[in-house]
Amino acid sequence: MAKEPVRVLVTGAAGQIGYALVPMIARGVMLGTDQPVILHMLDIPPAAEALNGVKMELVDAAFPLLKGVVATTDAVEACTGVNIAVMVGGFPRKEGMERKDVMSKNVSIYKAQASALEQHAAPNCKVLVVANPANTNALILKEFAPSIPAKNITCLTRLDHNRALGQISEKLNVQVSDVKNVIIWGNHSSSQYPDVNHATVNTAAGEKPVRELVKDDAWLNGEFITTVQQRGAAIIKARKLSSALSAASSACDHIRDWVLGTPEGTWVSMGVYSDGSYNVPAGLIYSFPVTCRNGEWTIVQGLSIDEFSRKKLDLTAEELSEEKALAYSCLS
Ligand SMILES: NC(=O)C1=CN([C@@H]2O[C@H](COP(=O)(O)OP(=O)(O)OC[C@H]3O[C@@H](n4cnc5c(N)ncnc54)[C@H](O)[C@@H]3O)[C@@H](O)[C@H]2O)C=CC1
Ligand SMILES: O=C([O-])CC(=O)C(=O)O
């Protein structure tokens, strides 16, 4: 029997990431090639015409899984009945703007959209925040949508996770699909800590630790970390635009693994509401290693954290605590 369609909201759908993301969703990359979808696309009035153009292209592409498209500038219409919400919409930093100005614009957007989701989304709607500052926007969304379970509100650090897999695969000249269990800890910002201490590579001789194969701790503790931390900026420098296809693809990975489960023996990185695991302060949206099963994520427990890692986990937590305070000061 054919499955019932799932309603997927993409905010900021007329933007760069939106344009890459909606065809992936309509092709089954996010929820599976047997899962029909109805796309809800939200953008702001100045982008309404462009948004309508995206809708026209979705019709023209004749995706068999796509059972409907809602394209709107009304947050309530956009959020009504959605099962999954991918929050890409936001205010980008413009010339002359301070960090606080961007934060202020975005946290008020996320406060308002929290209410629309809380009141109109389907029960148990899963939320992924992509727009920057992703962790803090997700936290504000959570705080202003108290009836949505905290477990349902996450932010995207899967792009950073995938960037780390990519760097290791290039360094070792192995298939990226043979590398697993890197971890992104903390903020989706340059303070994040990409950790390979538990990562492995599938080789002809079985699974081997990344550190043993790379045999270059100076690279792993130095250039590797900064390359992943700075990759977003490097893409902007090269493209004059920020990452879009990789962000869209990673957003699909995030939701797919969350909904359909992570493979046995594999974890992924997700920004989730901290419960104090690994002595990360509770009450932040912080990226942890997680496994997913039956639509729920669980933080991987019991990993050893050495002194080098401890400092890095704490540093990115501090930045998130400061962002949280700044966000609240913008709202008051
Ligand atoms: N977490 C991650 O890994 C990544 C996050 N990002 C972030 O994703 C966001 C989107 O990036 P792009 O698509 O490149 O930006 P973009 O500027 O091309 O698109 C953003 C869209 O959001 C819309 N928008 C603005 N305010 C809105 C509101 N209140 N409601 C709905 N839509 C609204 C804009 O009109 C625009 O169409 C940015 O904040 C960017 O920094 C980008 C790459 C990776
Ligand atoms: O750096 C940016 O502005 C975009 C971003 O979040 C990324 O590419 O990771």
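Just so you know, glycine gets a Cβ as well, placed from its N, Cα and C.
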What does TrEMBL list, out of Asp43, Asp160, as binding the same NAD(+) as Gly12, Ala13, Ala14, Gly15, Gln16, Ile17, Gly18, Asn106, Val130, Ala131, Asn132?
Asp43
Recorded positions: Arg93, Arg163, His188 - member with fewest neighbouring CB atoms within 10 Å:
Arg93
Separation of alpha carbons, Asn106 (NAD(+) binding site) and Arg163 (substrate binding site) (Å):
25
Rounded to the nearest Å - Cα separation of Gly18 (NAD(+) binding site) and Asn132 (substrate binding site):
14
Over the span of the domain 'Lactate/malate dehydrogenase N-terminal' (6-153), count residues by DSSP class, listing helix, strand and coil in order.
67 helix, 28 strand, 53 coil
Close-lying binding-site residues around ligand 2 among Gln16, Arg93, Ala131, Asn132, where CB distance stays under 6 Å:
Asn132
